[in-house]
Every structure is written in C-alpha cells, then in structure tokens.
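A.B. asks: Pasting in a structure now, in structure tokens, and then I'll have a few things to ask.
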Amino acid sequence: MTKEIQLGSPPDQSPSRYASKSPKPMASTSDDTDPTLYLPLTKPPKSILPTPIAVSHTGTNKLTLVPLIFLIFFEVAGGPYGAEPAVSSAGPLYALIGFLVFPFIWSIPESLVTAELSSALPGNGGFVVWADRAFGPFFGWLMGTWKYLSGVINCAAFPALFADYLSRVYSPVGSGSGYYITVTVMNIVLSILNFTGLSIVGWFAVVLGVLSLSPFVLMTGIAIPKIKPSRWLTKAENKDWRLFFNTLFWNLNFWDSASTMAGEVDKPGKTFPRALVVAVIMTSLGYILPLMAGTGATNASPDAWGNGFFADAAGMIAGKWLKYWIEVGAVLSSVGLYEAQLSSGAFQLVGMADLGLLPKFFAHRAPFFETPWVGILLSTLITMGLSFLSFETIVASANFLYSLGMILEFGSFIWLRVKHPDLFRPYRVPLRLPGLVIMCLVPSAFLILVMAIATWKVFVISVGFTAAGIAVYFIMRLCKAKGCLKFSTGDSS
C-alpha cells in the first residue's frame with residue numbers, strides 16, 4: 001500500500017521512498033516532558049492518511065509557491081472588494097480597527113492551524129481528513145458537509161458581485177433578465193476554465209491578483225496627500241453590528257480552504273507555511289490601506305459605502321480612469337475568487353472519496369488535465385442554483401456553516417496533538433497544549449458571536465442543510481453496506 005505520509009518520515013522527501021527504513025528519532029530537548037510538544041519515536045512509522053485513489057503523482061500540474069499564494073489570497077479576499085459594508089454599517093473608524101485587529105484574533109490562528117495540519121497531513125480533503133482522523137468518519141462527514149456547503153454558498157456570492165460591479169459600467173446587467181444571463185454565463189465559462197487543472201488556474205490567479213490589486217496601489221499612493229485623519233472619525237448614523245461582523249468575517253475567513261488541495265502541492269511541508277505567511281500579509285494590507293485612503297481622502301458619508309463604492313471613491317480621488325480600472329479589477333477579482341473556491345470544493349470531494357465517505361467516482365480525474373470533473377460539475381450546479389439568492393443571505397449563511405466547521409476544526413487540531421503527538425509535522429505551531437487551547441478559544445468565541453447574531457432565516461437554512469447532510473451520511477453508509485456503489489475503504493493502516 002502506498003503511504004502518503006508516515007510518522008517520523010524525513011522532511012520534504014517522498015515518504016514512499018523511505019517506507020521501509022527505520023524512522024529517525026527526534027532530538028531530545030529539555031521540553032520532552034510535554035508529549036504534545038516533542039516525542040521521540042520508538043515504533044515503526046504508521047500512516048494516518050487514507051490510501052490515495054486518484055491523486056496525480058506527476059509534477060506537471062503541481063502547485064508551486066507563487067500560484068499557491070495567490071490561490072490562498074483568492075480563497076480569502078481577492079482584494080478589498082466587498083469590504084465597503086463595514087464602513088456603512090459602523091463608520092470608518094470601526095472599519096479600520098476591525099480590519100487591523102481581526103487578522104490577529106482570527107486570520108493568524110486559523111493560518112497557523114492550517115499550516116501545521118496541511119504540512120503534516122498533505123492529502124486532498126484537508127480539514128475533512130483532520131476531523132476524520134481526530135474523531136472518526138461521522139465527524140469527518142459533518143466537517144465536509146459544513147465546509148463544502150459554506151464554500152459553494154460563498155462561491156455563489158461572486159457572480160452576484162461580478163454583476164453588481166459590471167452594472168456600474170453597463171446597467172442592463174444589474175437587474176432582470178440581463179442579471180440572470182450574466183450570472184449563468186459566468187458560472188458556465190469559469191467552470192470550464194477550472195477543468196484545465198490547478199497549475200493553469202493557479203498561474204491565472206497570479207495574473208488576476210496583480211491586475212485586480214494594481215488600481216488600489218495607485219489609489220492609495222494618489223490619496224496620501226489628500227487624506228485628512230479627521231474623516232476617519234465620521235460616525236455612521238444607523239449602526240448595524242450584524243452586518244459589520246458578518247462583513248469582517250466573510251472578508252477574512254476561508255484560510256483553510258486551500259488545504260483541500262494539499263495533495264496537489266509541490267513539497268507541501270515547506271510550501272504551505274510559506275504561502276500562508278505571504279498571503280496573510282498581502283491580504284491584510286490589501287484591506288487596510290485602500291480603506292484608509294478611500295475614507296480619509298473623500299468626503300463621502302458612511303451611508304454611501306455600499307457594495308462597489310470603492311470604484312466611486314477612486315473616481316473622486318483620481319478621476320474616472322481609475323474608477324473604471326477598479327470596476328474592471330472587481331470583475332477580475334470575482335473571477336479569481338470563484339476559481340479558487342470552486343477548486344477547493346472539488347478537491348474536498350476527492351478527499352472525501354479517498355476516506356470512503358463518498359463513492360469512488362468522486363475521485364475520478366479527467367483525461368490529460370487530471371482534474372476532478374465530477375466535483376467541479378456538482379459544485380458548479382449547486383453554485384449556479386444559489387447565485388440568485390440575495391447577497392446578504394448568501395454571506396450570512398456561508399458564515400454560519402463555516403463557523404460550525406471551524407469550531408470542529410479547532411477541536412480536531414487540539415485532539416490530534418493529544419492523539420498523535422508523534423506525528424511528524426514539518427511545520428509545528430510553537431506552543432504547548434495550554435497555549436494552543438487559548439489560541440483556539442479566542443477565535444472560537446468570535447465564531448459563537450457570528451452564529452448568535454444570525455437571523456432566523458440563516459439559522460433555519462443552516463439547520464436544514466446540516467440535517468440533510470446527516471441524512472446523506474447514513475444513506476451513504478447504507479449504500480456501502482449493500483454494495484450499491486463502490487467506496488474506498490478509507491483505511492490508513
């Protein structure tokens with residue numbers, strides 16, 4: 001049986017080449033008394049990943065550092081587009097504080113968890129594998145349900161955002177049949193691009209990232225001499241804290257989404273941690289600097305900051321040429337966001353098939369491009385159906401489901417440290433168990449807040465999706481027992 005990773009295998013080497021060799025014990029340190037920090041290996045290595053079914057072993061379509069950075073960037077942000085409601089709901093000062101502080105209490109802890117587990121368990125499926133190996137298949141399925149649905153719901157927001165920005169240039173696409181045609185065509189065209197493979201999608205994301213961020217670099221530079229700090233103190237007349245926190249959370253979550261493609265990353269033990277560090281810095285600056293420029297260099301009231309107002313702010317600061325560039329950038333950003341989320345969802349289904357949670361055909365690859373065409377097709381159809389919901393409902397529903405999944409993810413991270421202390425971790429969060437618990441409790445408190453302020457409609461949608469997901473889990477178990485469909489054993493031994 002091919003092993004994707006063994007406990008104690010040498011760093012940044014192909015584990016299968018070393019499967020027959022004795023593991024090299026880790027050096028003893030003064031901290032050996034804490035089994036969650038260091039533990040020498042005294043037994044043969046054991047894999048805790050499932051046997052791969054259809055993972056590409058060729059290097060031609062592997063993700064390298066730069067494309068992975070931009071895929072993570074688009075999984076999370078894609079630029080400051082969509083951050084405007086934070087200003088309208090609470091005012092410039094709270095928006096600036098939120099985007100300055102929130103990365104420290106949310107983005108960094110989530111990124112650290114992702115860096116450790118993605119490098120330690122570099123298989124497709126990401127967080128599904130982590131929950132499965134921590135708590136068993138039911139929780140792996142529950143994680144998969146919450147994260148997959150939050151991903152496709154989140155993906156459905158981008159065609160709507162695309163149409164919203166495009167309507168500022170060509171108004172007929174903003175409503176009626178023009179809107180529906182635009183959303184449908186975008187879903188179809190971008191799903192076809194996704195079939196070409198992660199390497200192509202990754203480098204495409206690099207180009208999109210440069211093009212969509214460039215106008216904000218110019219806007220910030222031009223705005224500097226025009227900024228009046230007193231404008232940051234302007235108050236919003238009617239504060240909407242639910243919208244404010246949902247906007248912050250939606251714009252700075254999904255750091256772990258790229259983990260579902262870990263099996264496609266070249267040297268994940270080194271590549272993932274480095275990519276996450278760069279992506280966190282790039283994303284944080286990509287929000288805070290344009291917000292400082294847009295709110296400090298214009299006299300626009302907070303109420304004017306609806307979705308798409310960054311383009312209007314750029315026009316006030318530099319002229320129509322920059323306004324149109326940002327509108328084009330918003331369209332390109334929506335494309336990148338869609339591609340990244342669609343890839344993540346498709347490869348998550350591959351990982352669930354590897355674990356035996358879904359039938360084997362979900363792991364089938366398309367000829368030549370080696371892309372999971374079944375997952376791409378299913379994700380596209382679901383996204384297309386959800387694209388016609390209101391933007392606010394999409395964001396709030398995605399946040400609620402994602403919050404449930406993240407609480408389970410933090411629990412999986414802590415329990416894997418306890419359950420598998422001798423798992424070789426190319427990157428290891430440098431904290432003992434109490435420190436890790438505190439690190440996870442702070443963002444977990446915010447997750448509970450996000451769920452507590454949800455509307456009844458969002459709560460009903462989330463409970464309904466969860467119940468449906470649990471029902472499908474038992475249907476899959478029945479099919480597996482009856483032999484109706486072919487499943488992987490998901491065996492890691």
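If you go along the chain as it appears here, the first residue is 1 and each next one adds 1.
Each Cβ is built from the backbone N, Cα and C atoms, and glycine gets one as well.
Those TrEMBL annotations? Automatic predictions, nothing curated.
As listed in TrEMBL for this protein:
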- 1-36: region 'Disordered' (REGION)
- 90-108: transmembrane segment (TRANSMEM)
- 148-166: transmembrane segment (TRANSMEM)
- 178-195: transmembrane segment (TRANSMEM)
- 201-224: transmembrane segment (TRANSMEM)
- 275-293: transmembrane segment (TRANSMEM)
- 374-394: transmembrane segment (TRANSMEM)
- 400-418: transmembrane segment (TRANSMEM)
- 430-452: transmembrane segment (TRANSMEM)
- 458-476: transmembrane segment (TRANSMEM)
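Structural setting of the listed features?
C.D. replies: Residues 81-82, 173-174, 179, 182-183, 186-187, 250, 254, 257, 307-308, 311, 327, 330-331, 334-335, 337-338, 341-342, 344-345, 348-349, 379, 382-384, 386-387, 389, 391, 394-395, 397-399, 401-402, 405, 465, 469 of the same chain sit 6 or more residues outside the transmembrane segment (148-166) yet have a Cβ under 8 Å from a Cβ within it.
Sequence-distant contacts of the transmembrane segment (178-195) (same chain, six or more residues past either end, CB-CB distance under 8 Å): 159-160, 162-163, 166-167, 172, 201, 204, 334-335, 338-339, 342-343, 346, 366, 369, 371, 373, 376-377, 379-380, 383-384, 387-388.
Long-range contacts of the transmembrane segment (201-224) within its own chain (CB-CB distance under 8 A, at least 6 residues past either end) are made by residues 63-64, 66-68, 70-71, 73-74, 78-81, 193-194, 286, 289-290, 292-294, 296-297, 310, 313-314, 317-318, 322, 325-326, 328-330, 332-333, 335-336, 339-340, 343.
Using a Cβ-Cβ cut-off under 8 Å and counting only residues 6 or more beyond its ends in the same chain, the transmembrane segment (275-293) has close neighbours at 65, 68-69, 72-73, 76-77, 79-80, 83, 86-87, 92, 95-96, 99-100, 103, 107-108, 111, 114-115, 213, 216, 219-220, 223-224, 227, 232, 251-252, 255, 258, 310, 313, 317.
Counting residues 6+ beyond its ends, the transmembrane segment (458-476) has Cβ neighbours under 8 Å at 138, 141-142, 145-146, 149, 357-359, 393, 396-397, 400-401, 404, 487 in the same chain.
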